[in-house]
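To start, the structure under review is shown below, and the notes come after it.
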Amino acid sequence: MAPAEKAFVLRKKMDTAIEDRPGQTLTDDHQVKVAIKATGICGSDVHYWKEGGIGDFILKKPMILGHESAGVVVEVGKGVSSLKPGDPVAVEPGCVCRLCDYCRSGRYNLCPHMEFAATPPYDGTLRTYYITTEDFCTKLPKQISVEEGALFEPMSVAVHAMTRGNLKCGSRVLVMGCGTVGLLMMAVAKAYGAIDIVAVDASPSRVEFAQKYVGAKPFTPIAAKENESLPDYAQRYKQAIIEKYGEFDFAVDATGVGICIHTAVLALKRGGTFVQAGNGKPVIDFPINHIINYEINVLGSFRYAHGCYKQSLFLVSNGLVDVKPLITHRFAFKDALKAYETVASGEEGVLKVIIGGPDA
């Protein structure tokens, strides 16, 4: 019998505990067991903790949190050929069927049978060991730490958004939101040849970080007038941006906030591309006539698909994107709740918070 493990468990809304969980054993020849050494905290993790659910995904029983993880392989199935015990890996936190049309076309993020870590009812990665399949692990070279490997998950979100929008070299790019994902979108856009990147966020420290991190040009959101309609506000907001920086070829929203989305669409050139990557309200006002008349390409971007982790590995290992500056806080596993409280505080200067493994 496998030894017991430690796990950071969400028992119910705002109720967490470090628990002993039964040890796990491999059940398939192509599985690997990974000792988790570093886990980043995502906004969705905090939302589950604070609200007990996201949309249709409602916590109905205790769930292990975490999905941005990396660690070291400790055991492999007899069918595993590309990994061995001792290999450091970034863990892709979804399990798919591999049989549906979406999986077979490489768009496995759309698999209707997806089992995604720390999405009810499936347990996450904040535990001693996580069992997954060989092909959902990305081996890390010596120059990349497991902390950097943990950031491959949000970076793959950024890679997928740029890929969905078919970002062209020489594009002028507008990014709404300077959280970790928004900053990584800027970094990936720069690596892909964007010539101008404008960063928009209400947080002065985050906009300043974007300037230093990728050379982004800053823009601070303008305030709405009293009783001003959202379309009128968006028109003023857009005008303020383009008077300073001109129109854009490509815009991406990482906030999910209605005014940011509306404004970003309006700030595009005719024939421009808008990618929505941030979750928000289920229904918002959208400038549909503008989209039609300007032939704006509007795309949704959900998580990541085939090749995104490998592309993240390429960008980081070749020095095209540096994820290390994004890590602002580190906590031991025993202090996982403090880590969540730090992210939830919304304090200036907090970007990516990393929790070490139980035996790190």
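Keep in mind that glycine also has a Cβ here, set from the backbone N, Cα and C atoms.
Taken straight from Swiss-Prot:
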BINDING   Cys42, His67, Glu68  Zn(2+) binding site
BINDING   Tyr48, Glu153, Arg303, Tyr304  substrate binding site
BINDING   Asp201, Arg206, Ala277, Gly278, Asn279, Ser301, Phe302, Arg303  NAD(+) binding site
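For Asn279 (NAD(+) binding site), the nearest neighbour among the listed binding-site residues (His67, Glu68, Glu153, Arg303), judged by C-alpha distance, is Arg303. The secondary structure of Glu153 (substrate binding site), as reduced to three states from DSSP, is helical. The Cβ of His67 (Zn(2+) binding site) has 26 neighbouring Cβ atoms from other residues within 10 Å, across all protein chains displayed. Taking the binding-site residues Gly278, Phe302, Tyr304 in turn, the residue surrounded by the fewest other Cβ atoms inside 10 Å of its Cβ turns out to be Phe302. Considering only the binding-site residues Cys42, His67, Glu68, Glu153, Tyr304, Ala277 (NAD(+) binding site) has Tyr304 as its nearest partner by CA-CA distance. Counting every protein chain shown, 23 other Cβ atoms lie within 10 Å of the Cβ of Cys42 (Zn(2+) binding site). Per-site Cβ counts within 10 Å over the binding-site residues Asn279, Ser301 peak at Ser301. In sequence order, Met176, Gly177, Cys178, Gly179, Gly182, Val207, Ala210, Thr220, Pro221 are the residues of the chain that are 6 or more apart from Asp201 (NAD(+) binding site) and have a CB within less than 8 Å of its CB. Of all the binding-site residues listed here (Cys42, Tyr48, Glu153), Glu153 has the Cα closest to the Cα of Ser301 (NAD(+) binding site). Look at the Cβ of each of the binding-site residues Arg206, Arg303 and count the other Cβ atoms within 10 Å; the largest number goes with Arg206.
Across the annotated binding residues for NAD(+) (Asp201, Arg206, Ala277, Gly278, Asn279, Ser301, Phe302, Arg303), the two most widely spaced Cα atoms sit 24 Å apart. Look at the Cβ of each of the binding-site residues Tyr48, Glu68, Glu153, Ala277 and count the other Cβ atoms within 10 Å; the largest number goes with Glu68.
Inclusion criterion for the binding-site residues His67, Glu68, Arg206, Gly278, Phe302: a C-alpha placed within 10 angstroms of the C-alpha of Glu153 (substrate binding site); this criterion is met by His67, Glu68.
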